[in-house]
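Per TrEMBL, these features apply:
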- His6, His8, Glu111, Asp234: divalent metal cation 1 binding site (BINDING)
- His153, His183: divalent metal cation 2 binding site (BINDING)
Amino acid sequence: MLIDSHCHINFSAYKNDAQAVIGRALASDTWLINIGSQYSTSVRTIKIAENYHQGVYAVVGLHPIHLVDDITESVVIDGQKQGITTKREEFDYDKYKALAKSSTKVVGLGETGLDYFYFNEAVDTEAHKKIQRKVFTDFIKLGQELNLPLVIHARGSKNDHYGVYDDVLEILRATGVFFGVAHCFGGNLRQAQEFIKLGFYIGFTGLVTFKSQAEEVQSIVKELPLDKILIETDAPFLSPEPYRGQRNEPAYVKLVAQKVAELKNLPISEVSDATFNNAKNLFKF
Ligand SMILES: [Zn+2]
């Protein structure tokens, strides 16, 4: 068994074929967890999960990039590029609490965390950081109240990839809540080890399969203990080789497992079983 511990089949990129995409994953013994990025996509992830007896689960959250400005993303639907605009959302603790409690398919909270990637001269970075920290801290409290693990997103600014991970670690230490995963890990080895020391899992995507600029993440995979690693696609983004540049899907998580196995010199079955059990331990599905 495999599990894609982080994907977004609740996003508009799968508007017309979500069922087929999930069907392909389940048919290849791959379970999946759909992650919300705002209220509407969090509602959709629950609706999707409720259509399946087992193997499809939901995590509800509000991604830091949706906290301050409206965002227009270019999405390919049925081979056509479309601009999709997402409205800025204010975090409402009680609304998310009610949503998280509304279904037994909800196994975690997220995405939540910090994102500095969009910062530029036009952005009041201190004000944005303050809002992101406040909402992240509120999600940590909610996780504590509902006993749900956190799916943490962190992305550095264009010229500092690592500082954001230290900020996340500092906020986590201050709260004393150590139950979750640092998804799509892009920090350094020291930071990965600190997350693990606090009790977190580290999530790796198709980035580990890339032929260029993957040396650091590959060396981190080699160093970390297998019982602290989760694998994920982050679909529709970050398709692994040889599908790089195309729309991603959960069935491709096998290619991430294969690469982790190769890097750690282990049989793929061992990596599949371990990462499946790690996800089960964390999300309790
Ligand atoms: Zn994601």
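Our numbering is plain: 1 for the first residue shown, then up by one each step along the chain.
Including glycine, each Cβ sits where the backbone N, Cα and C put it.
What TrEMBL says about a protein is an automatic prediction, not a curated fact.
Features recorded in TrEMBL, as mapped to the structure shown.
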{"residue": "His6", "record": "divalent metal cation 1 binding site", "contacts (Cβ under 8 Å, 6+ apart)": "Ile33, Ile35, Val151, Val181, His183, Cys184, Gly203, Thr205, Leu230, Glu232, Thr233, Asp234"}
{"residue": "His8", "record": "divalent metal cation 1 binding site", "contacts (Cβ under 8 Å, 6+ apart)": "Asn34, Ile35, Ser37, Thr41, Asp234, Ala235, Pro236, Phe237"}
{"residue": "Glu111", "record": "divalent metal cation 1 binding site", "contacts (Cβ under 8 Å, 6+ apart)": "Ile35, Gly36, Ser37, Val59, Gly61, Leu62, His63, Pro64, Val151, Ile152, His153, His183"}
Discussion item. Other residues near the divalent metal cation 1 site, CB within 8 A of the CB centroid of His6, His8, Glu111, Asp234?
Written reply: Cys7, Ile35, Ser37, Val151, His153, His183, Cys184, Glu232, Ala235, Phe237
Worksheet item: So how many other Cβ atoms are close to His183 (divalent metal cation 2 binding site), meaning within 10 Å of its Cβ?
Response: 26
Response to the item:
CB neighbours within 10 A of Asp234 (divalent metal cation 1 binding site), counting all protein chains shown, number 25
